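Enquirer: Right, I'll just put the structure down here and ask away after.
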Amino acid sequence: MKLAVITDSTATLPIDLKQDKAIFSLDIPVIIDDETYFEGRNLSIDDFYQKMADSKNLPKTSQPSLSELDNLLGLLSSKGYTHVIGLFLAGGISGFWQNIQFLAEEHPEIEMAFPDSKITSAPLGSMVKNVLDWSRQGMTFQAILNKLQEQIDGTTAFIMVDDLNHLVKGGRLSNGSALLGNLLSIKPILRFDEEGKIVVYEKVRTEKKAMKRLVEILNDLIADGQYNVSIIHSKAQDKADYLKRLLQDSGYQYDIEEVHFGAVIATHLGEGAIAFGVTPRL
C-alpha cells in the first residue's frame with residue numbers, strides 16, 4: 001500500500017509534516033475587498049490582520065478548488081499511490097467535504113476515503129500526522145480508517161470569541177445567538193458539536209469567568225483518558241498565556257501545544273479568539 005494524505009490549509013502542521021512527500025495540502029482562498037489571497041503564498045498572517053483591520057468589510061473565504069483536488073488525485077495515481085485519505089475542514093462549517101464524495105467514482109484505480117474530520121486547526125493536523133504514522137507502522141487501510149474514526153469521535157474544540165459578528169456574517173452562527181450575546185455583554189463559549197458545527201455551548205458573564213469555565217470544561221473532558229491538548233488563538237497571545245497558566249494551576253501536567261489560527265479560520269472567528277482543542281492519544 002502506498003498511501004497519500006490530503007488536507008487543507010486550515011490544518012496546523014509542523015514543518016517536517018509540511019515537507020513530507022506523502023502529504024498534500026489544498027489552499028483555501030481568503031477574499032478581502034474583492035482580492036483573492038492564499039495564506040503562505042501571497043498572504044502572511046500579519047498581513048491578513050492588517051488587511052482585515054483596514055477593510056470596511058469582513059473578509060470572506062471560499063472552498064478549495066474541486067478541479068485542483070481532481071487533478072491531484074490523477075497525479076497521485078500516476079505516481080503509484082494506491083490509497084488516499086483526505087482530511088479537510090469540518091463538514092459542519094464547509095460544504096467542501098460533502099462536495100468531494102463523488103471523486104471516488106472518478107478515480108476507481110485508487111482506494112480513497114474522505115471521512116468528515118468535524119474539526120480544524122491543531123486537532124486536524126494531529127489526525128493527518130497519525131494517519132501517516134499508522135500507515136508507516138504497517139497498518140491496513142481499513143485499520144487506519146477505524147483508528148481515525150476513533151480519533152474523530154473523541155476530538156472537539158471549545159472557543160471564546162471577541163466579536164460574534166464574524167461568525168454570523170460567515171454563516172457559521174445564527175444572528176439570534178450573536179444578538180443575545182452582544183446585548184447582554186455575554187461571552188458565549190462555543191464548541192464544535194458532533195456534526196462538526198460551531199454551536200453555543202454556554203453563556204458566561206465576563207471574559208475572566210469564561211476563561212476559568214474553559215479550564216473547567218477541559219478538565220472534565222480529559223478526566224477519563226489520555227488526550228493531547230492544544231491552545232489556539234487568533235492574535236491573542238495574552239489570552240493564550242493566561243489560559244495556559246490557568247490550566248497548569250489546575251493541575252494539568254502534560255505538554256500543551258500552542259498555535260495560532262490561520263487566516264481562513266481567523267476570518268470567521270475574528271481577532272482575539274481563544275480556543276482549546278482536545279484529541280485522544282491513540
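From the backbone N, Cα and C atoms, a Cβ is placed for every residue, glycine too.
Copied straight from Swiss-Prot:
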- 3-280: domain 'DegV' (DOMAIN)
- Thr61, Ser94: hexadecanoate binding site (BINDING)
Enquirer: Within a 10 Å radius around the Cβ, which one of these binding-site residues has the most neighbouring Cβ atoms: Thr61, Ser94?
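Expert: Result of the Cβ crowding comparison: Ser94.
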Enquirer: Which whole number is the mean pLDDT over the domain 'DegV' (3-280)?
Expert: 91
